[in-house]
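Undergrad: Input: one structure, supplied below.
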Amino acid sequence: MSELCVGINGFGRIGRLVLRACLQKGIKVTAINDPFIDLQYMVYMFKYDSTHGRYKGEVHMEDGKLIVDGQAISVFQCMKPAEIPWGDAGALYVVESTGVFLSIEKASAHIQGGAKRVVVSAPSPDAPMFVMGVNQDKYDPSSMTIVSNASCTTNCLAPLAKVIHDNFGIEEALMTTVHAYTATQKTVDGPSAKAWRDGRGAHQNIIPASTGAAKAVGKVIPELNGKLTGMAFRVPVADVSVVDLTCRLTRPASYANIKESVKKAAHGPMKGILGYTEDSVVSSDFVGDTHSSIFDAGAGISLNDNFVKLISWYDNEFGYSHRVADLLMYMHSKE
């Protein structure tokens with residue numbers, strides 16, 4: 001099998017952290033495209049990060065390329081995905097992290113530039129959606145060239161929902177994510193014609209917002225389709241979010257039973273995806289955590305044996321970026 005070589009389109013928060021995740025996992029990144037960031041600025045942006053700290057390796061530019069730890073990465077500034085020469089750079093897998101080319105039709109433009117497969121780092125309106133640890137076995141290389149890694153919140157919620165549903169059955173559930181603010185929000189009040197609340201100052205407010213993350217769980221766990229929905233509160237922290245899953249169980253279970261089932265999964269089949277803690281943690285304790293979801297055993301509550309509130313943390317930037325890298329490796333292993 002040929003080596004996994006990756007290209008990244010869009011060098012924003014996720015693009016940069018996917019590069020960090022790939023470097024940590026030994027995945028070769030051969031090209032980056034971003035029409036709005038020149039090479040010199042790219043070096044600076046990758047080297048310094050206010051949330052995750054300075055990159056600990058060596059970063060510089062040489063002969064028109066980005067050099068990270070001695071690895072040369074071609075840099076392009078194409079506006080149109082079809083014009084990016086992925087093939088020339090040897091990047092057969094592309095991470096689409098601009099947030100713009102989300103549909104199969106739009107993301108397929110990368111194939112014209114020589115890419116073989118595309119992973120969209122966001123929910124897609126029509127591409128098959130995969131959550132590592134939950135439904136990656138449904139990936140079919142013969143028919144799927146464009147896939148979605150879902151959202152950071154779906155990646156937190158789905159593994160927990162799977163464990164609970166497999167062990168006790170979920171009759172119905174509501175999710176709330178208390179979510180860190182992101183780059184789409186405003187530093188001070190500004191225009192947001194489609195969703196008025198989203199235009200309010202991110203660090204000044206708790207902002208109710210919509211999210212498709214809970215409904216998307218129904219796409220990766222079909223038995224839960226129509227049984228789950230949810231909403232978000234955007235809060236004034238820069239990173240790390242937390243899911244509150246309140247569910248009615250089919251089969252009664254004590255909170256101790258639930259903890260034991262989650263712990264078993266976290267130390268077994270979902271190791272590295274689902275974490276488990278009994279410590280008295282707060283959000284900043286999870287900055288840089290690479291799990292999709294870390295179950296907080298001490299924060300959940302049970303009203304009775306059929307009605308429970310479960311709490312799970314996630315680094316919405318870094319945990320998610322590691323799953324993008326894991327999905328790339330999984331897909332490559334199926335070639």
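Each residue's number is its place along the chain shown, starting with 1.
Every residue gets a Cβ built from N, Cα and C, even glycine.
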Undergrad: Of the candidates ARG117, ARG197, ARG234, which one does Swiss-Prot list alongside SER151, CYS152, THR153, THR182, THR211, GLY212 as binding D-glyceraldehyde 3-phosphate?
TA: ARG234
Undergrad: Given that Swiss-Prot assigns ARG13, ILE14, ASP34, MET79 to the NAD(+) site, pick the one from ASN306, ASN316 that the record assigns to that site as well.
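TA: Checking ASN306, ASN316 against Swiss-Prot: the NAD(+) site match is ASN316.
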Undergrad: Which ones, of the binding-site residues ARG13, THR211, GLY212, ASN316, have a Cα no more than 10 Å from the Cα of CYS152 (active site, nucleophile)?
TA: ASN316
Undergrad: Per DSSP, ARG234 (D-glyceraldehyde 3-phosphate binding site) is which: helix, strand or coil?
TA: strand
Undergrad: Checking the contact step here: among the recorded positions ARG13, MET79, HIS179, which have a Cα within 10 Å of the Cα of ARG234 (D-glyceraldehyde 3-phosphate binding site)?
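TA: Qualifying among ARG13, MET79, HIS179: HIS179.
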Undergrad: In which DSSP state, out of helix, strand and coil, do we find HIS179 (site 'Activates thiol group during catalysis')?
TA: strand
Undergrad: Determine which residues of the same chain, besides SER151, CYS152, THR153, THR182, THR211, GLY212, ARG234, have their CB within 8 A of the center of the CB atoms at the recorded D-glyceraldehyde 3-phosphate site, and list them by sequence.
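TA: Same chain, not in SER151, CYS152, THR153, THR182, THR211, GLY212, ARG234, Cβ within 8 Å: THR177, HIS179, ALA213, ALA232, SER241, ASN316.
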Undergrad: If you run the three-state DSSP split on CYS152 (active site, nucleophile), which class comes out?
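TA: It is helical.
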